[in-house]
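Data block below; observations after.
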Amino acid sequence: MVNYKVTLSTGDLAYASTFNNVFIKLVGTDGESERTWLKGALQFTKGTLISCPVSIGKLVLIELDKQPLPWFPEDSWFPAKVEVKSPEGDTYNFPIYRWITDSKVHRFREGTALRVFEDDHHLGRYSRQMEVDQREKDYRWDVYVEGIPHCMEAMGPDSLPCEIRFSFTKKREFQYTAATGLTELKLKHLADSRENWTNIDDINRVFCSKRTDISDYVQEHWKEDAFFGYQYLNGLNPMLIRRCSALPDNFPVTDDMVSLHGQGSLRNEMEKGNIFLCDYKLLDGVKANIVNLKKQYLMAPLVLLHETPDEKLMPIAIQLKQTPADDNPIFFPTDSEYDWLMAKIFVRSADFSEHQLNVHLLRTHLLAEVFAVALLRNVPMVHPLYKLLIPHTRYTLQINYLARSLLISETGVFSQFAASGGEGLITILKRSLSSMTYSSLCIPEDIAERGLEAVPNFYYRDDGLKLWDIIQRFVQGVLSFYYKNDAEVQKDSELQKWISDIFEHGFLSQAHTGIPQSFTTVAELVKFVTMVIFTCSGQHSAVNAGQYDYGGWMPNTPISLQLPPPTTKGKTSKATMLQTFPDVNTTVQGMATMWLLSKQSSDFVPLGQYPDHHFSEEIPCELIKDFQGELEGLSVVIKARNKSLEVPYTYMDPTALENSVAL
């Protein structure tokens, strides 16, 4: 007789253990063991010996099942991994990391991420195909609205496969944060008030207990031109600004209109690279929402900014509509206080819609869902791509389901209260996808295309480029371990199915986006996977984590405006501004939502941490340690820099950003 020592670990999650009987069978290249009961019902920490008459060869897979006790109902169980030591002295690892809720037999392959194009044992191939077949049933594509990325079909959070749902901790904290925020607002009689704000200081009553250092800074400095310009670099939306070498025809600004701080003509400053443009043309003609039975207003501004000798980015001209006209004046800092302030308020409100729908929802949440569903449908657990990317899918499918049902549905907060809610929301999403490019998702190319390589004090760029490089080196190391040449990438059918699904369901087969339809080289694969990880971690953090910081003071980020912009100068006032701001209930609903979406859960997993040990080979495990070390080094650099900044930029600090789109 020969003995195999089996050790099974249960995941470190609430309610992960089982009181049911658990059984295991070992399957090897030369035979299989008897189905064996694993003793130690809760944690299985002591290990179990399984005896076989002779060696069953190289282990290929295990079969696990659990059966309820006669006096105890069937429960759910989250096994983490199984380790088997063979009589030959080999150690086999079987990563599981999923909920088992039934009494069926579940098969798991040995964890070594063998190249899938190798002539593997037929039992392994059979098991892998069964897994993918089941995944295709569990993860089905659905069309939420034509013209935007497809999503996962789901009837509700409880219909999602167990392994992708919120943990008990995440679910309870999310519900508590949402409930307490609205309760506080109702107690203050704000959530249902359709009145105008009559005093700007009254806005302090909203969530005064939830202020942050940055939200306090925003409240103090929101009117200042320098802070207005700063937000295009390091605020919620660093994706719009670009260097301007020639004014667009529909923005007729001339030298005699603008003040360039004594730096010469507009043409000369453009040639020096000191003029920048923010063009909200994506919003042009979008039908604004009806809120509280009142028509709202959403502009499509053009904003011209100037980099001054003291390295500030100052707005020098604002046109609130795309088409020049007598009733569409260009506003300047030399105009009256409230003419200029109102112009900036309309820009900030437009930026809210551009940011939330294009930069945040589409370019992180919806794309992350596509990456995840394509992975879960097409790639088996033993595949190196699965092991590399599965940490970056955590909670994404459930948070996106909640976003569709609670935020952008007909009864959702965004649809009810934002100027771009309702019909406008879909229009903006469709336009955004049609104009999206692969290069704009890759921060090195995006920064170069927008001409922003040398802009001072651009911390999103500085931290983002360093983070991209660290991720790229890690991905290069891991994938090069498994794919020794381009031919091996080309032959990997599961890899090709993954990218094909992404091209079809994420980018709707639009070739002009530049998204690859297949992979032909290792370099192409490395770049795309780097983009996926960066999008799901650093990019999402950059455009999500600061929502309450910059939106917690409503005048800086109004989600809607209820008076049209001025058509002539000299007629605005403080009273006009207050009447233009959203109603009280619109304000507080927007602020409550931004608070909820900025509130990190206590079980968040920062970038580079892998509590689920899918990799078992020595080299990938060493690469993970190197990756963690580089991320720690970047965090030290960022923290040291932030000590000298008036407004610290923390959103790309690896210790603060989550591995996945989980909020």
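Glycine too: its Cβ is placed from the backbone N, Cα and C atoms.
Per TrEMBL, the features are:
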type: BINDING; residues: ASP75; note: Ca(2+) binding site
type: BINDING; residues: HIS360, HIS365, HIS540; note: Fe cation binding site
type: DOMAIN; residues: 2-114; note: domain 'PLAT'
type: DOMAIN; residues: 114-663; note: domain 'Lipoxygenase'
type: SITE; residues: TRP99; note: site 'Essential for stabilizing binding to COTL1'
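Taking the C-alpha atom of TRP99 (site 'Essential for stabilizing binding to COTL1') as reference, the shortest distance to any of the binding-site residues ASP75, HIS365, HIS540 belongs to ASP75. Taking a C-beta cut-off of under 8 angstroms and a sequence separation of 6 or more, ASP75 (Ca(2+) binding site) has the following same-chain neighbours: THR18, PHE19, ASN20, PRO68. Taking the centre of the Cβ atoms of HIS360, HIS365, HIS540 as the Fe cation site, the nearby residues of that chain (Cβ within 8 Å, site residues left out) are VAL359, LEU361, ARG363, THR364, ALA368, GLN539, VAL543, ASN544, VAL661. Neighbour count (other Cβ atoms within 10 Å of the Cβ, all protein chains): 24 for HIS365 (Fe cation binding site). The average pLDDT for the domain 'PLAT' (2-114) in the predicted structure is 86. A C-beta separation below 8 Å, combined with a sequence spacing of at least six in one chain, links HIS540 (Fe cation binding site) to THR364, HIS365, ALA368, LEU657, GLU658, VAL661. For the recorded positions shown (TRP99, HIS360), fewest C-beta neighbours within 10 angstroms: TRP99. Helix, strand and coil residue tallies for the domain 'PLAT' (2-114), in that order: 0 helix, 54 strand, 59 coil [DSSP].
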